[in-house]
There are 4 protein chains.
Amino acid sequence: MKRIAVFTSGGDAPGMNACIRAVVRGAMYHKVEVFGIRRGYSGMIEGDIYPMTSRDVSNIIQRGGTILKSARSRRFTTAEGRQQAYDNLKALGIEGLVAIGGNGTFTGAEIFFNEFKIPTVGAPGTIDNDLYGTDYTIGYDTAVNTSLDAIDKIRDTADSHDRVFFIEVMGRDSGYIAIQSGIGGGAEFVVVPEDLSEPVSSVIKTLKQGFVKKKSSSIVVVAEGEKEGRATEIAEKIKKSIDVEVDIRVTTLGHIQRGGVPSAYDRILASRLGLGAIEGLLRGQKNVMTGIVNNRLVYTPFIECITKDKPISDDLLRMVHILS
Amino acid sequence: MKRIAVFTSGGDAPGMNACIRAVVRGAMYHKVEVFGIRRGYSGMIEGDIYPMTSRDVSNIIQRGGTILKSARSRRFTTAEGRQQAYDNLKALGIEGLVAIGGNGTFTGAEIFFNEFKIPTVGAPGTIDNDLYGTDYTIGYDTAVNTSLDAIDKIRDTADSHDRVFFIEVMGRDSGYIAIQSGIGGGAEFVVVPEDLSEPVSSVIKTLKQGFVKKKSSSIVVVAEGEKEGRATEIAEKIKKSIDVEVDIRVTTLGHIQRGGVPSAYDRILASRLGLGAIEGLLRGQKNVMTGIVNNRLVYTPFIECITKDKPISDDLLRMVHILS
Amino acid sequence: MKRIAVFTSGGDAPGMNACIRAVVRGAMYHKVEVFGIRRGYSGMIEGDIYPMTSRDVSNIIQRGGTILKSARSRRFTTAEGRQQAYDNLKALGIEGLVAIGGNGTFTGAEIFFNEFKIPTVGAPGTIDNDLYGTDYTIGYDTAVNTSLDAIDKIRDTADSHDRVFFIEVMGRDSGYIAIQSGIGGGAEFVVVPEDLSEPVSSVIKTLKQGFVKKKSSSIVVVAEGEKEGRATEIAEKIKKSIDVEVDIRVTTLGHIQRGGVPSAYDRILASRLGLGAIEGLLRGQKNVMTGIVNNRLVYTPFIECITKDKPISDDLLRMVHILS
Amino acid sequence: MKRIAVFTSGGDAPGMNACIRAVVRGAMYHKVEVFGIRRGYSGMIEGDIYPMTSRDVSNIIQRGGTILKSARSRRFTTAEGRQQAYDNLKALGIEGLVAIGGNGTFTGAEIFFNEFKIPTVGAPGTIDNDLYGTDYTIGYDTAVNTSLDAIDKIRDTADSHDRVFFIEVMGRDSGYIAIQSGIGGGAEFVVVPEDLSEPVSSVIKTLKQGFVKKKSSSIVVVAEGEKEGRATEIAEKIKKSIDVEVDIRVTTLGHIQRGGVPSAYDRILASRLGLGAIEGLLRGQKNVMTGIVNNRLVYTPFIECITKDKPISDDLLRMVHILS
């Protein structure tokens, strides 16, 4: 393999730039030419592809977002779009790809390989930490720290006014951000999508215990779940059904969780995974995602990453209960 | 004056603890006894009042919120409530008050003095910076930095996806936080309550200019105004009336703006104003708010602080326009 | 076991408070009385021991340092001192101990058990991450993030002036902080105590390669090693032996690395380890340190933790080389 | 005036990029062409000058350092060097300059004007806040916040171990950073260059008062003064002359104070001053520095800025004393 390309796709995550840097520098170290594709599959179809060198990735390790940009591409879901993408890669002599992204990204790569035999190695870039095949995804640690910083700030206000705060964090199918920022923030209760029981009565029970213990303020962390607004919904129900007088507020952290200077953990993880991806690709890996499992670099077939669940440990849910 | 008390009232603001510390240590320096009243006028009525010493305010200068807590008191709006408050103060021999808060706090203090002749000196503690009689209020600088930090994070995501973001910051009657975090965050447009014109067409015009300049992402900062949700409302209107295809997102910063470790500026401002308040009270000031105007400590009658406006400089609005 | 005590000992580390909180709340959950011992073995000898409840550990999870304080105790190295400590514990009916600290702490606990049969379970609290028996120690992740934040700041200045900076980080026998903050900070070279070769010529070679690549600034991260000042020493040698004209500066990060708000990772790690320590103690563990190895909670005999090495992975050193 | 150039010179300061951005965008708003000169007077002599547009200053408002870089130039102190600089500017048709820097920068500009009649307007960029003609200089607020953040971290350790810490901050001739970070950090004593008395006995007196009050830890902030190492020197003297047993540590903050994401205050100040500089130049101002005095934009002749002192207010020194 003489020439490869790297791109980012799906929601951006802090540390993606550190990963791009590792791919580019790793490629150069192994004397392989490397191209950057802008805006993921969109840029692949539009031919927005340019050669990269070591200098293009200078001084980006600490930057949030992705210098290669990201976008959704409807055209890549069509055979015509993928053909165009392939033609562009072929014209440039690109023989392999490193894809930084999540489920959707790897699904696209899998389909693309089946049609055109261009191998891809993936690196897991998503704040949600919901990918099977790696203990942590790039951006997750930063997102938890950002949420925690927000929870710390809100605790100041909650304590000053003896209020109950419902804080909604990101996490559509996965409560990882919620559970870890809940434990770290000393939350009294955490609502996660994985728990299918109706949380309202449990929250009420916990809050009442707090009143008995004379806790003057409480924090409930809620993963957004299906769609934004879950915290508001739960808070409304509780306001109606609680008999003690409490001052309840809701705040939704929103997009701040995706941005920011990547944490040490994310920079190192992204560097390891980026280097693992390029070196895996050069050694013949294909259609696998690189991950860190039990501190070791592993490659897992895309198909497993996409289809298998990564459940939250019961230990963590137990910790919230004991420590609050 | 041998014995005074200090309390915080209204919304909490970062730096209130630094101000409490300065009042307590200033009182002790001048050999005056000082009491703390918990939860503002509520605690004054309930007699939740305790003696404070230098040690009670150790290691609090860097903490957000207020160790004296804050609350709204309906009873203090009644003659009976105020009588009870006075009886409690009298029983403890408290001869003067330092009140850290905003408009509502000072209105209460003014009424209380007219009835019971207990003098109050106020210190302006509110993140909104909407008080006449001081260039800056305690908590404002921290709130702007918190907003700016959030805007920086969102800019990462906006740039990575070529999106337009509407970011709602606090500011009911005042656009101070919006204008300063907008300039500092390099926003393309800022919507403030002081501007009575319909912002939608101006925002559209600015966004279109950006598209011409090939700016790939934009940030519009919106002060919440009358009630939360203004950013969503404006964004909806724009989505309907804009003809180019743009990916528009809305995020509301919410309560994180009230909390957090106070900035250097707020700690020093709070220390100066707290010391100014206690020393003013001891020198016979009453029913005035201490403030910093043109770098000098001044005292302004409550009545002026409450009734006079503090307009945003036109220079700042002009700067947003030129620099975006 | 009906009554236990917890203490912190050795250098303080961010997250120790989160660990104390988990021990106290875990004990209460299991209906066991818990006492706090101030200033480690010193307080044990002086009888500075007090009962703790859930409220004593409210709102401390986010605080740096240790509310139980820490100190070195010469008297505990004497038989008389340890006898006094034992007498105090016995008088209070304390049957087991949780010790949060490092090598010295656990050595003391081991000796104490041999003499008086009071079992101890340890939790690894040290920023150096140099303890066998756990992948990470409490405080390490925060210290790396603090170092990284400093390196990012210094990189601004290095880039603006085309300078070479030598940055000395903590790490007496261990290069963990150096290597991870070096990778995360994009350092051109990292000097660690584990590498016994003379680093000067390697650093010079790397710097010269940078000049060839027209890198305009460079960062070299140096672990302090035996004693503070190693970075200065190496920088001096290099100034003398390099033939190109370069502006070389040295900065020593010092004690800021020990303090600060603990990171998400450290709060969760500390919570898990604190809970693991108290529950281990109650289940009959003794003279072991609780740790997380490959994401699982494990107990390792003190004697192994003290005597076994925890080498830095060669992969990390290789990464610095490839990515710089 | 149809064409101007902007450069940064002297030590870098956070906010310089925000100032460059304001100059460039201000120039474009007024339909004036703008060039950037790299590495200050060095680049002016070497002809390292390039045209800038609005896009060159996109997304830089939040970055530390200076994208135009900075350097010292010995050649500019010679008539030959300045002639070369003039020839380069003339060849490009540059009619006026905006210089962002400090004393040395403005001295150079003054001499240059006397010889070649190219007018310069300056903007004060230095973390030391030691320039007459403005209440605050660009970078000062960020530097104080950085120092404060370090002091907060060190306080964690000082409290945990009952230690006395001497913290050395920047400030050669000026104690501004020391005094403000000392007040904000709740320091027990602040040593500034402006105070010519021997500080050792005063520090000892203060420390002893603390021991009487049973303060368990103390922070002394020391401005570096003539050369780095002052804190160590004072600490050594005190160790020798104090009779109580105290654990004294010294830490020097060093270059981290120059870098980092600029604070809200610095971004807005830099924007105002940059815009003020370019608009002043276009309106015919020359050899003046733009500043903010009592919240108003003013222009002060370089000669006054260079020669006049800006003393620290006695009020601030008094505050340290009362509040500690």
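Here the Cβ of each residue, glycine as well, is placed from N, Cα and C on the backbone.
Small disclaimer: the values here were computed from a predicted structure and weren't measured.
Annotated ATP-binding residues in TrEMBL are D:R72, D:S73, D:G102, D:N103, D:G104, D:T105, and among D:G11, D:G15, D:G26, D:G171 the one listed with them is D:G11. Using a Cβ-Cβ cut-off of under 8 Å to chain C, the binding-site residues D:G102, D:G104, D:G186, D:I256 reduce to D:I256. For D:I256 (substrate binding site), the nearest of the binding-site residues D:G11, D:R21, D:G104, D:T105 in terms of C-alpha separation is D:G11.
Chain B comes close to D:R21, D:R25, D:G186, taken from the binding-site residues D:R21, D:R25, D:S73, D:M170, D:G186, D:R249 by a C-beta to C-beta distance under 8 angstroms. In the three-state DSSP scheme, D:I256 (substrate binding site) falls into the helix class.
Annotated pair D:N103 (ATP binding site) and D:S217 (ADP binding site), C-alpha to C-alpha distance, rounded: 39 Å. Nearest in space to D:S73 (ATP binding site), taking C-alpha to C-alpha distance over the binding-site residues D:V23, D:T126, D:S217, D:R258, is D:T126.
Around the Cβ of D:G11 (ATP binding site), the number of neighbouring Cβ atoms within 10 Å comes to 22. Of all residue pairs in the ATP-binding list (D:G11, D:R72, D:S73, D:G102, D:N103, D:G104, D:T105), the one with the greatest Cα separation is 14 Å apart. Neighbours of the ATP site: apart from D:G11, D:R72, D:S73, D:G102, D:N103, D:G104, D:T105, residues of the same chain with C-beta atoms within 8 angstroms of the site's C-beta centroid are D:S9, D:G10, D:G40, D:G101, D:G108. Of all the binding-site residues listed here (D:S73, D:T126), it is D:S73 whose C-beta has the fewest other C-beta atoms within 10 angstroms.
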